[in-house]
Each structure stands twice: as C-alpha cells, then as structure tokens.
Amino acid sequence: MLLQESAGVWLALALVTALTPSPSMAVPWQDCTGAECPLLENCIEEALEPGACCATCVQQGCACEGYQYYDCVQGGFVDGRVPAGQSYFVDFGSTECSCPPGGGKISCQFMLCPELPPNCIEAVVVADSCPQCGQVGCVHSGRKYAAGHTVHLSSCRACHCPDAGGELICYQLPGCHGNFSDAEEGDSERQYEDPYSYDQEVAEAEATTAIVNEVQAGAEGPPAALGGGNLPPSSIRVTPWPVALPRPTAAAALGPPAPVQAKARRVTLDTEEDEEEEEEETLVTEPPTAGSPGRLDSLPTRSPARPGFPVQEKEAEAKAGPEENLIPDAQVTPRSVMQEGAAPLPRSGLAALSPSLATDSSSEDPVKPSDHPTLSTLPPDRAQVSPSPETPEEIPQHPQLLPRFRAEEDIDPNSVHSVPRGDLDGSTKDLIETCCAAGQQWAIDNDECQEIPENGAQSDICRIAQRQCCISYLKEKSCVAGVMGAKEGETCGAEDNDTCGVSLYKQCCDCCGLGLRVRAEGQSCESNPNLGYPCNHVMLSCCEGEEPLIVPEVRRPPEPEAAPRRVSEMEMASREALSLGTEAELPNSLPGDDQDECLMLPGELCQHLCINTVGSYRCACFPGFELQGDGRTCRPDRGAPQLDTARESAPRSESAQVSPNTIPLPVPQPNTCKDNGPCRQVCRVVGDTAMCSCFPGYAIMADGVSCEDQDECLMGTHDCSWKQFCVNTLGSFYCVNHTVLCAEGYILNAHRKCVDINECVTDLHTCTRAEHCVNTPGSFQCYKALTCEPGYVLTDGECTDVDECVTGTHNCQAGFSCQNTKGSFYCQARQRCMDGFLQDPEGNCVDINECTSLLEPCRSGFSCINTVGSYTCQRNPLVCGRGYHANEEGSECVDVNECETGVHRCGEGQLCYNLPGSYRCDCKPGFQRDAFGRTCIDVNECWVSPGRLCQHTCENTPGSYRCSCAAGFLLAADGKHCEDVNECETRRCSQECANIYGSYQCYCRQGYQLAEDGHTCTDIDECAQGAGILCTFRCVNVPGSYQCACPEQGYTMMANGRSCKDLDECALGTHNCSEAETCHNIQGSFRCLRFDCPPNYVRVSETKCERTTCQDITECQTSPARITHYQLNFQTGLLVPAHIFRIGPAPAFAGDTISLTITKGNEEGYFVTRRLNAYTGVVSLQRSVLEPRDFALDVEMKLWRQGSVTTFLAKMYIFFTTFAP
C-alpha cells in the first residue's frame, strides 16, 4: 500500500530562468511578409489605410534643403515643405521661389518691377519693394486730378475725370458766355532749359526787361485774378537798382558755378514774320502777402499785342488761367517799379539797371537800402502805348509783377540763378526735374529738409519731388562723408545733428570699413546681397578701391518742337553775325552739349557782357547802357536816370567808401561817371572824381580803367581742400577732386597734367656746395663744379660757348656786324643795303614796309602785303563768320569741319559732331557730363538703379555695367539673371550628390559618413559604435556595413544575422556517444551521459528507475523508491543566490512533510538545499560559477506522510557554459 502510494507521488520540477522571459506575440491584421512597396516620388505627406501593406501619397511637393529651409519657414511653410504649385518670395520680394507641379526641386526666378499703369497719379513705394499704384486719375497740363472728381479750369469751363482715370472730359458751363479757350494749354514758345548750361549771363530776374502789355482805354481795372486796386501814376516809384541787391562790385561767375545755378530760364522776344512793329509788353502786379514783403507768386508774362485783339479776351485769359504765370519758390531778384515821369526802360535783352541804390524822399535815411522792399498795389490808370522808331518807346505806367525772392540772400547781379519752372502746363517729368533740383538746392543751402517753404500754388508732385530729392541728397552726402571718414581712419559714430534720421554716415562708414578690411587681408571682393543697399554697394566699392560719387541728375534729350519758331528779318539780321546755329538746328543736342563761345573767346564777342545760349550767344550791356543795332556794342541809355544827379542829392554813406582795389583817375572831371565814364566795369563818383572798380574776381589794371581776371589758384586765395586742385576761370574758380596720380618727380598742374618738378629751383635736390644741380625729367643730377675759360659758360655740367653777338657783350662799332666764334667773336664790315631795305643807325639793313610808307600802294579792292624787300597787292579775301572760311576760289564761305581738322575742344572720351558753323561734343553711351558740364564721367548704373539691373551683383564698368552672380550660380544668357549651377555634374562628391539652389550637398550611402571636407565618405565602424548591441557574440566591421560571427564550433547563425543558435548535436546526430550512452546537448557542445539502474531497480523511462521489491521495511525506508536523472544548463556568471531546482510531492496532501539533503557532488559547497514549506523544497546556487564547469549532484528527498517515510533520489547533471544565445 505504501509502495502504491509512493508510486503515485509525482514530483513537480521548475527551472527558474528570470533572464529569458517569454514575450507576448501580437497578431497583425495582414501578413505583409515579402510585400514590395513602390517608391513615392516627391511625396511630402503619406498615409497608410487600414488593411493595406503600402502607404499612399496624400500630398506632393518640394522639400526645402539647406538655407532654403529658413526661407520656407519665413514664407509660411513651417515644416520646411512646400506643396506643389505654391511659391514664396525672398530677397525683399524681388525673387520668387516656387515648387513645380508634381513636386521636385524648388526653383527661384528674379522678377523685375512691373510698369505702373499710365493713369496712375500716385505711387506707393514700400521699402525694398516694387512701387505700386496708390491712386488713379487724370493728368492735364502737368496737374493731377483724382478719378471721379470734377474741377473748374476757368469761370466757364468744367472738366470731369472718369472713374477709371485717363483723359479729362471738358465742357462749357451752360449760360456762361466767357472765353472758352483752353487757358491751361502750355506756352508753345517756351524755351528749352539746359540744366548744365553754366554760361556767363546774368540772372533772369535781373537780365530780362519788364514786359508790358497794352491796356485798352475804358478797361475796368486789372483782371480779378491778379488782385490789387487802382493806383494813380503818381504813386508809382522807380528804383534804378534793385533795393535788395548789393552794390555791383562783382562780375558774373564766368566759371562753372555751384549746382544751384545750373538752371536758368532764357526769355527771348519772338516776333511774327508778318509783323514789323515791336511787341508790346504787360506788367502785372500781385500784392505781397503780409509778413513776407517782397515775395510774390508770379513772374511777368508776355502777350504780344496784335491788331483787333479786344481787351475783354485778354482779361478772360488772365482770369481763366492765373496758374500759368506761377513759378513756385522762384529764387530771383525783385524788380522795381518806375516812377512817374522817369525815363522809359530800354528795349534790350537786359534790364537797364543802374548801380545806384534807390532813394526815397520820404525816408529819413535816403541812401540806406531797404531790406524788404514794399510795393504799391493800387490799380493802374489806363494808358495807351504808341511806339515810335524815332523816340524811345514809352512804357505804360503799370505796376510790375514781382517774383518771389529771399531778401536775406546775397545775390550777385551778374550771376546765374536757378529759377525752377513751376509752369503747370509742362509735363510731369519736367515738373519733377525742376522741383527736384530745387529740393537738392535747399539741401545744399540749409543741410535739412524739414523747413522747406510750402507754396499754395505748388502741386503735390512738386512738394513730393522737392522733399524726396532733398532727403536723397542728404543721404548720399552723408554716405559719401562716411566712406571718406572710414578711409581716413575716423571713428564711425552717428552724426550729432542727425535729428531726422536721414544720415547714412555711420552705416556707410561701417560698411566701407568692412570692404577696407577685406581688401587689407588680400581677399577677393565679392558682393553680399544680404547686407542690403547701400551697405553692400559701399562695401564692394571700398574693397575695390572706387571713389564714391554723387551721380548728377540724368536728363533726357529734349523733344523737338512741333514747329520751328518764325523770326523776323530785322531780328535775323541782328543775330546773323553772332549765331553759331539756331536752336532749331540742334534738335538732338543734349543739355550741356553747347559750346560756350563766351568762355572760348572772352572779351572778343561783346563789348560788355556775353551771355551763352544753346547753340549761340548774345550780348548784353552793363546797367545804364543799351545794346545797339549791331548786337555787340553798347551805348549810354538816354532814358536812364543819371548817376551823378542821384548822388548829388544823397549824403555819403559808409557803403560808398572807395574799395581797396580802386585807382582814382589822374584828371578829375565833373560828371565823369556819365555813360559809365571811362570804366570798363563799375564807375563811382567820389567827390568830383570818377573811381573805377571791378567785380569780385577781377583786379583793376594799371590804366585805372580796365579790369583783369585774378588767378585765385596762383594767389592762393581759393578754398579748395588738399584733396582737390584749383581751376581758375574768368572772375572765379572751381575745385576738382584729384583723380590723377603723378609719378615721383612730377606734380599735377592746373590743367590736370603731370609736369616735371625742377628740384634745382625748388631746392629739393641733394647736391653739395661743390656740385652743380642739373634738372632732368622727373629727377635731377649733380655735377662737379667746373671752371670755364673766358668766352664759355657752364651749362648742364659742360662749358658751352657764349654768343657775344646775341648777348650784346661785343664791342663792334657802327658799320660793323658781330660774328660769333668758339670762345670769342669778330667784327665784320656791313654791306650796302639793296632796294627795299634801309640801313638803321647801327648799320643793319632793315626791310622797308611799303604798305605803310607809301600813300596808296595798291588800288581799290586789293590789300597791300609787305614782303622782304618788296610788297605785293592781293585781292581782299571774303570775310566769313566764325566757324566758316572762304573756299579755294574765295567766292563763298563754307563750313569749317572742326571735328576733322582737330580744332575742336572736345575732351578725351567725347564724340565730336560737326554742325554748320560750329560743332557739338557728346558723351559716349554710358557717360554723362559732370556737374560743371565740361567733361564726361561714367554713369554708375548700379547706383542709379540699385537692385533692378542685376539679380545678384551689379558691377559698374566704364560706360556700362555688368552683372555677376554669387557662388553656385552662373550668369544667364540675358546677362542679368543668375541660374543655379548643378555642381553634381562635375562629380565633386565621392558617393552621392544632391544639387540645391545656389549650392550642393554631398551624401553617403548606408554604412558611410561624410568627412570634414564635406566631399569624401568614410566607412562607419558599426562594431565600435554599437559594441555589444549589434551582435550577440562577435561583430566584424566590413566596408559600408558589419557582420556578426559565431563561435567556430557548436553554434550557427540565425536568420536575423545577429544571433547565434546552438547546434543540437544530439538531434543532428553529430555526437560521438555510444549506444549505451545518452546524448545531452549543452550550449556550444554536448555530453554523453550513461543512465544505469542499480540492482533491484527497473527502468520505467529513459531517465527514471523504480525499486522492484523490498526485503524489509527498513530497507524500504532507506533505499530510494525512485531514481530520476535531470540535466540542467546554465551560463557562467549567474547571479547568486539563485534557485535552480524545485522538488516536492505531487499531489501533496495535508500533513505531508519533506526534508532535502545533497548526498553527493557538493564537496566545494556551490549548492545548498532549502525548504520553502512543509512539502516544497529548492536547490539553490550559493557561489557564483565563473568558468565552464560540470556538476553531478545527488539530492535525496524524504517524505513523511501518515506516519511512514519514503525516500526519493534526484541525480542532477548541471552544466555551466560561457555563452548562451
């Protein structure tokens, strides 16, 4: 019974292996093993549908690579991916980068600014962006009208601007019977303006005669548009010389004046061909505003009087278009109004102004000039003018219309003033140009743009142009100053007076410093568009060594007139001898192309003043004189007030003291300044003596009458800096920046030529006292002092013969001639003179001038020409004007081709074009005249149109420009755009290359990494980076990858290529165990075990033996009822303590108790038994096994159940190996 119960007890064994847990297996939706998914090209968003093995593309597009990523983020694509068909802008909106349809690579295209629509009247310009149209409307006669508005151009005329802009729609108001003529039409006879015509002429406000218009009897006062009341003739005063002007002690600036004097309107008196009587002129007066005396809003207008022209039509024209006469902010000199009974003004091209100050009988100080002249504004009486050829023409007693002026300015009576043309009938371009020049001049004079005076008559265009050009000039000026400061090593600090933030001094100084540093390091000068304008351009200019230049205003050629002006025969006759070609013959001439005849032939063309005009010149007279019929000479003005009478009634003042450069005439005469006396320029009466003086820039000559130019450059009275050289002109000078560097031993003269320095004269040599200095070109030489014999002199280190006959050191008597010899001379008797010669007192034969000694050597029509010993009679040649010469037959005058004969004065780099009687100098394409209009300078197109000519970098070249691209780009065929270079085609990368916009990126295949040079790929040692992670046994690195290896015996590589699988030699039959042995597989090997049952036991299974019989109870209790064999495999280094075997009865009953004992194999104490509870025990490892080792343990378990004891034996074979998969 006990045996049966014991036989029914089963042992439950458990192996504790915490190191190898069993993972839970997840069941997929679908088995996708071996499925191949297609490559999704240009896909930026994927999606995997339920049940599918491959993802599908939801959105195609372009991936932003490199620096493009930041542009994409700025453009709104935060993930760095641009959907197909969408784009973004970079470089301040000048370049559009887009992703093509279907995705791929991003391409960028430079965009030029679109043209504004023609009906745009207001452009909105955003910083670093293209201009956009802010408002549409209509432009009529230079004025802008908003769309949808209706305006009244006259009392009987209204015009409407359509909603879409375009042309004004005008109509006559019903019930109105006024003149319907277009009062807004421009003056068809408006003269051409030359912005660079720096001529010797007086200011327009002082050089033009007051123009008078006939007023018919019965007229009811002046037109309403002109203002003012009625003024009796007795209230009209005459001021012979303008009150606000200084005494005329200065001549006109004959040289190139300042840019403010670059524009002067010329007023010419045009006559109809069929009218022989002279024009009548009108003076219109508008009262000055309170608080600003002397400032009016109009200039005199001209209206020729024709028969049958009614007064009502003239008044209607004046009422309909008062704007025609307005010139905003005209900086001119006010004219005075004539007194009753005063002599009429002359009919010359210049005002008959007297160099005397105005007097007023009602003033306490009759000689003190008024700082702010006042005008009478009562309406004039009606008067009729009847010109007569025998008597001077009477001028109606009308008040003049005085233009605006600035009384505090010091105005030269003969200087060229800038009169901006505010004629609203002109084109918008002309208005912008003239107002822009006024804004630049305000910046030059005041160095600020906040206090520009505003005039109600000015249009918005003029105000905007003035302010923008003023600010632009100050910015360019401060930028140039910053560049110069950087080059001179100054600290780049902000300007203290920059309260408006328009100064670019610090920015340009800093940016120039960057360019200078790059240049000092010897690096190449490359543009960096990211610096922006103007920093990038200034940096590049300083790096390349270019000088900054404020580019003069670029002017377009004038459009030809609709029809040539008709000139009367009388006027043509007075001009024929002076003109070098009419303006009608120069339709293609540019401003500044005119040859200044007054400067070419000073003092030869006119008696007093020479005024240059486009293609010709004209003569004018000093105050108190009028031009005669020949157009050259001047005669005293019979109608002008006498100077002596005006001065006799006025006490002396300090201003009438004699200037230091005046010389009194030796013989004083009463009334000596009548008709300007003997003086060439200015005559003054001091006591009873006529004193002649000169204008500034001139000095009185020894004769006390004439004036000669003072060379300020030689006298050292100029104010040119050390960076400039002085160029003298008639009466003035100007400074020019140095652009020519002379070699050592040479110096730059006033003509900008390098001339030799005479070191011997300037004491710059190093010769000793015993040596003689001899100057050589660019240097000098020192020679030892020599002693020459009599008759010789030391010259250039050598003794040369002295010509006593030439030096006059001979002693030959009368009748003898001196003959020079080497070192001496001799006297030779003279011979008798032949016919035609006469012996002088010294015995020489001199020629007899028969042309002067004979009474009539030649008959009429021939000229006497003296010859040596005789004379000849020659027919008088044909007298031709300048620019013409007689032909070979002497029958007619033909044009001189100055361009072919080389007598022109065109500068280097200019083109000469022959004209009838003259020639013209033009600049080559890409060049323009400088601010003085004398030389051609290169146009820096890159500064004129920054950021619009080239996509990347604009480089200025002489006469043109060229575009260049940044690294990674090539210039396109159009020479402006830049195309990306595909660097991958040149195989710059060792493995994979990806081209990106403006650059490229090298990539490496899997298993390689990019080296520091960015081009080479090096192998990645995966085994060193992932030690112990990649492979379970050993990792072997190979090029581009790695391989896992297993021990040479006992293992094989698994399908994953990383893990090693133990070879079961027992299952494979590769063991060498005998038939009596049992093969047991262990990690990497096997063991041959022999399971034999002892006597009295029978084998019930391969590993179990049971006892058969038992002789007595004691034997049954001591001998095991069953012997079981167990094989256990463990890895060395197992953490201790570790339960390796659990034993107990199965099934267990209440009251069961067990005990465990290791009876064999634990001599070293590696193992220990322990009871977990009454019926369960474990075998534990208490010492760590560090080396491979085999143990054979006998573990005996005794079971107490219901008072009996049963023994069980467990034979355990424990194997510790070094590696386990």
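Going from the start of the chain as shown, residues are counted 1 onward.
Glycine residues also receive a Cβ, built from the backbone N, Cα and C atoms like all the rest.
According to Swiss-Prot, the feature signal peptide maps to 1-26, an assignment based on experimental evidence.
Annotation comment: Swiss-Prot describes 177-434 as region 'Subdomain NB (Cys-free)'.
The N-linked glycosylation site annotation in Swiss-Prot covers N179 (among others) and rests on sequence analysis.
Positions annotated as compositional bias 'Basic and acidic residues' by Swiss-Prot: 312-322.
The N-linked glycosylation site annotation in Swiss-Prot covers N497 (among others) and is backed by sequence analysis.
Sequence annotations record features per position, and here Swiss-Prot assigns disulfide bond to C511-C535 (among others). Secondary structure at C511 (disulfide bond), as computed by DSSP, is helix. The 10 Å shell around the Cβ of C511 (disulfide bond) contains 27 further Cβ atoms across the protein chains shown.
What Swiss-Prot lists as domain 'EGF-like 1' is 594-635.
The Cβ of C634 (disulfide bond) has 22 other Cβ atoms within 10 Å, all protein chains considered. For C621-C634 (among others), the entry in Swiss-Prot reads disulfide bond, with the evidence type similarity to another entry.
Following the DSSP three-state reduction, the secondary structure of C673 (disulfide bond) is coil. For C673-C683 (among others), the entry in Swiss-Prot reads disulfide bond.
Sequence annotations record features per position, and here Swiss-Prot assigns disulfide bond to C679-C692 (among others). Every protein chain shown contributes to the tally, and the Cβ of C692 (disulfide bond) ends up with 27 other Cβ atoms within 10 Å.
What Swiss-Prot records for C694-C707 (among others) is disulfide bond, and it gives similarity to another entry as the kind of evidence. The secondary structure of C707 (disulfide bond), as reduced to three states from DSSP, is extended strand. Within 10 Å of the C-beta of C707 (disulfide bond) there are 21 other C-beta atoms, taking all protein chains into account.
Marked as disulfide bond by Swiss-Prot on the basis of similarity to another entry: C720-C735 (among others). For the recorded site, C735 (disulfide bond), the DSSP three-state label reads strand. The 10 Å shell around the Cβ of C735 (disulfide bond) contains 14 further Cβ atoms across the protein chains shown.
The N-linked glycosylation site annotation in Swiss-Prot covers N737 (among others).
Swiss-Prot lists 756-800 with the feature domain 'EGF-like 4', giving sequence analysis as the kind of evidence. Model confidence over the domain 'EGF-like 4' (756-800) is summarised by a mean pLDDT of 84.
Per Swiss-Prot, the feature disulfide bond maps to C812-C827 (among others); the stated evidence is similarity to another entry. Contacts of C827 (disulfide bond) defined by a Cβ separation under 8 A and a same-chain sequence distance of 6+ are given as H810, N811, C812, Q813, F816, S817, C818, Q819, in order along the sequence. In three-state terms derived from DSSP, C827 (disulfide bond) belongs to an extended strand segment.
Residues in the domain 'EGF-like 6' (847-894) partition by DSSP class (helix H, G, I; strand E, B; coil) as 4 helix, 18 strand, 26 coil. The annotation domain 'EGF-like 6' is assigned in Swiss-Prot to 847-894 on the grounds of sequence analysis.
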Cβ neighbour count (within 10 Å, all chains shown) around C679 (disulfide bond): 23
Spatial neighbours, same chain, of C906 (disulfide bond) - Cβ under 8 Å, 6+ residues apart: C899, C912, Y919, C921
Rounded Cα-Cα span from C950 (disulfide bond) to C679 (disulfide bond), Å: 62
In three-state DSSP terms, the structure that C1031 (disulfide bond) belongs to: coil
Other CB atoms within 10 A, centred on C950 (disulfide bond): 25
Neighbour tally for C673 (disulfide bond), based on other Cβ positions within 10 Å of its Cβ: 25
Candidate nearest C963 (disulfide bond) in space, where candidates are the recorded positions C634, C673, C707, C720, N1072 and distance is Cα-Cα: C720
Those disulfide-bonded residues of C511, C621, C720, C1044, C1060 having Cα within 10 angstroms of C707 (disulfide bond): none
Conformational class of C535 (disulfide bond) under the three-state DSSP mapping: helix
Per DSSP, three-state class assigned to C812 (disulfide bond): coil
Sparsest-packed of the listed disulfide-bonded residues (C1093, C1105) - C-beta count within 10 angstroms: C1093
Those disulfide-bonded residues listed as C535, C812, C1060, and which of them has the most Cβ atoms within 10 Å of its own Cβ: C1060
